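Some features that Swiss-Prot has for this protein:
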| type | residues | note |
| --- | --- | --- |
| REGION | 1-253 | region 'Disordered' |
| COMPBIAS | 14-47 | compositional bias 'Basic and acidic residues' |
| COMPBIAS | 151-160 | compositional bias 'Low complexity' |
| MOD_RES | Ser224 | phosphoserine |
| MOD_RES | Ser231 | phosphoserine |
| MOD_RES | Ser235 | phosphoserine |
| MOD_RES | Ser244 | phosphoserine |
| DOMAIN | 249-366 | domain 'C2' |
| DOMAIN | 398-604 | domain 'Rho-GAP' |
| SITE | Arg436 | site 'Arginine finger' |
| REGION | 601-655 | region 'Disordered' |
| REGION | 669-706 | region 'Disordered' |
| COMPBIAS | 669-679 | compositional bias 'Basic and acidic residues' |
| MOD_RES | Ser681 | phosphoserine |
| MOD_RES | Ser683 | phosphoserine |
Amino acid sequence: MAEPLLRKTFSRLRGREKLPRKKSDAKDRGRPAQRSEPKPPEPEPRVLEGSQAGAEVPLSPETPRSPARGAYLQSLEPSSRRWVLGGAKPPEEISLGPRTPSSGEPAGEIWYNPIPEEDPRPPAPEPVGSQLASSEPEGPILQGAAPTSPPTKTSRTKSPGPARRLSMKMKKLPELRRRLSLRSTRTSRERERTAPAGSVISRYHLDSSVATPGQASVAGGTRSPRGGYLSDGDSPERPGGPPSPTAFRPYEVGPSARAPPAALWGRLSLHLYGLGGLRPTPGATPRDLCCLLQVDGVARARTGPLRSGPDFLRLDHTFHLELEAARLLRALVLAWDPGVRRHRPCAQGTVLLPTIFRGCQAQQLAVRLEPQGLLYAKLTLSEQQEAPATVEPRVFGLPLQLLVEREQSPGQVPLIIRKCVGQIECRGLRVVGLYRLCGSAAVKKELRDAFEQDSAAVCLSEDVYPDINVITGILKDYLRELPTPLITQPLYQVVLEAMAQGHPSRASLGPEGTRGLLSCLPDVERATLTLLLDHLRLVSSFHTHNRMTPQNLAVCFGPVLLPARQTPSRTRLRGSGPGVSSAVDFKRHIEVLHYLLQSWPDTRRPSETPDVAPYLRPKRQPPLHLPLDGPEVVTRPRGRGGPESPPSNRYAGDWSVCGGDLLPRGRDFLSGPDYDHVTGSDSEEDEDESGEPRGTTDFEDEFDAPFNPHLNLKDFDALILDLERELSKQINVCL
């Protein structure tokens with residue numbers, strides 16, 4: 001399998017000397033093989049200095065062929081036999097593994113096998129007379145310009161240059177690299193024991209096996225016990241233990257240190273080596289510890305439960321954290337508290353990320369923990385990114401005057417406010433908890449980006465944004481992020497003075513008087529606030545449906561429309577802290593907005609709906625007149641033949657007996673909608689406070705919306721109760 005590669009290798013090593021050797025071998029094959037007696041080795045003649053470069057040295061008598069050649073050739077395959085006959089190598093020269101040079105050939109000749117196909121076999125036994133002293137020089141020795149070896153017997157010992165070049169080319173073959181790396185350790189040791197010290201194979205294995213430099217261990221400073229040579233494709237051995245504590249730089253952040261203004265983007269690789277200095281209480285049982293990593297206060301990684309040791313806890317954990325505008329890295333050591341059955345922090349340390357990576361990408365730190373302990377860790381910053389360029393705001397956070405001039409919106413009101421208010425008034429006035437419930441954060445982020453790109457192209461239809469709470473949340477976010485609040489300091493003072501005069505009354509102030517409070521505002525702010533107050537007044541008029549009274553709306557929009565601190569200093573409590581003053585501010589905000597909503601004219605109140613379906617109006621039943629002149633006869637209901645229907649079956653029976661006065665459209669009414677489409681309503685509004693049934697006009701006042709084709713089951717329940725009450729009464733029957 002490896003014959004073509006072996007031939008190519010030998011052809012490169014021999015070069016142009018192959019042809020003369022073949023000719024000499026052809027002459028030798030014509031002579032009869034003679035058995036020669038073993039002779040003692042003769043000293044190799046040397047060439048003296050000053051002799052001519054082309055002078056030849058007398059050759060020793062030719063060595064006859066061995067009789068084992070024929071048996072050896074018969075045992076080979078045809079292809080191997082042709083290759084051996086072509087090279088004219090005697091069987092004594094063909095052996096696997098290293099061998100010592102025999103008589104009649106140079107001392108440095110080797111059998112070079114660049115691809116170890118099989119495990120090496122022990123070398124074949126050689127005649128005793130062919131052994132040479134190990135003190136003889138290996139390879140040709142040059143003195144001046146004259147070679148010491150005879151020219152007729154060409155030496156096959158080559159310098160490591162061609163072998164190294166071949167080795168570098170063979171690195172591209174992954175299969176050979178794998179096989180060589182698997183066999184290098186075992187075969188190198190065997191060659192080191194069997195081959196002489198001066199053998200070329202013992203020094204080079206494809207000329208790329210270099211002895212590994214001694215790596216001092218961390219603990220004792222001794223060499224790694226695993227020795228030998230590394231073949232192509234091998235990597236250096238991994239250190240056996242963690243670095244010594246002296247390799248870590250002490251790091252400590254003061255208690256008054258603040259987060260740096262700069263931020264960090266990229267990927268942080270954090271390797272934890274151990275915890276030291278955690279001195280447990282004498283006599284205490286070992287605790288279960290874990291390490292929690294936080295980036296800017298957000299938990300990002302956590303180790304499993306670890307059993308604490310006497311003084312040092314060895315760790316081997318690696319975490320890869322994606323950083324986005326990161327500033328602080330905090331490591332918390334948590335200990336299990338069996339009393340409360342949860343982990344409690346027992347030590348913590350902080351690292352300022354932007355400062356430790358100045359001029360380098362990796363740091364080995366011994367982070368000081370408070371109140372005690374050290375955390376040994378290696379921090380590596382890879383794939384560092386530049387801070388994203390700040391995008392100029394186009395809608396959110398932009399002054400109202402600038403936004404209106406850019407959009408050229410009619411009425412001097414931004415488009416985002418007009419679109420949101422229009423959608424809320426169209427389909428959200430009857431939603432319970434309007435402006436109190438929050439929508440999806442992801443959908444709000446998507447809608448915010450759409451407004452930032454192009455406010456005119458945003459569509460807020462129900463098909464695109466079915467959740468009305470997303471639109472209300474976007475509107476409140478926009479008002480909250482305005483550089484200047486809509487209710488400015490001058491308007492705030494005006495409203496406080498109006499509140500000091502007495503309870504707000506629309507009759508006392510009048511429509512123009514209430515709107516006149518906004519005259520101190522600029523044109524854009526006055527138009528925007530007027531639109532918002534009209535909208536909030538309309539929302540509060542539907543408080544029976546959405547539960548949003550003026551007080552609830554003031555709680556939601558007070559901190560949004562007013563700045564954080566506008567309470568005059570004289571109203572603040574003396575000696576009060578910032579928490580008390582902020583609570584007073586929040587209360588004042590609610591009172592100011594509540595006053596404005598109560599005194600604001602309700603010009604957009606929905607008109608009443610006079611045309612209500614006649615079959616939905618409750619009609620007064622005429623009194624029942626019965627002749628009572630005869631004697632009184634008490635009757636009791638007779639039992640029915642079959643089992644009575646359960647009381648839960650409310651809707652069984654024939655409704656036609658009710659007559660046309662009660663339900664003039666009873667048949668069409670009952671055959672129309674299905675009960676599955678019936679919606680519920682509040683039962684507390686069925687009767688007045690006095691307990692008397694409502695009149696027709698009172699019932700019609702409730703319908704301030706278009707006719708709803710859905711039915712009300714509670715009206716049927718009330719009707720059934722009235723019928724059961726009438727049927728259960730005892731009546732006098734005249735006989």
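In case you wondered, yes, glycine gets a Cβ from its N, Cα and C as well.
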Seminar exercise, completed: Ser244 (phosphoserine) to Arg436 (site 'Arginine finger'), Cα to Cα, whole Å, comes out at 58
For this session: Could you check what DSSP calls Arg436 (site 'Arginine finger') once collapsed to helix, strand or coil?
Result: coil
For this session: Check Ser244 (phosphoserine) against DSSP and tell me helix, strand or coil, would you?
Result: coil
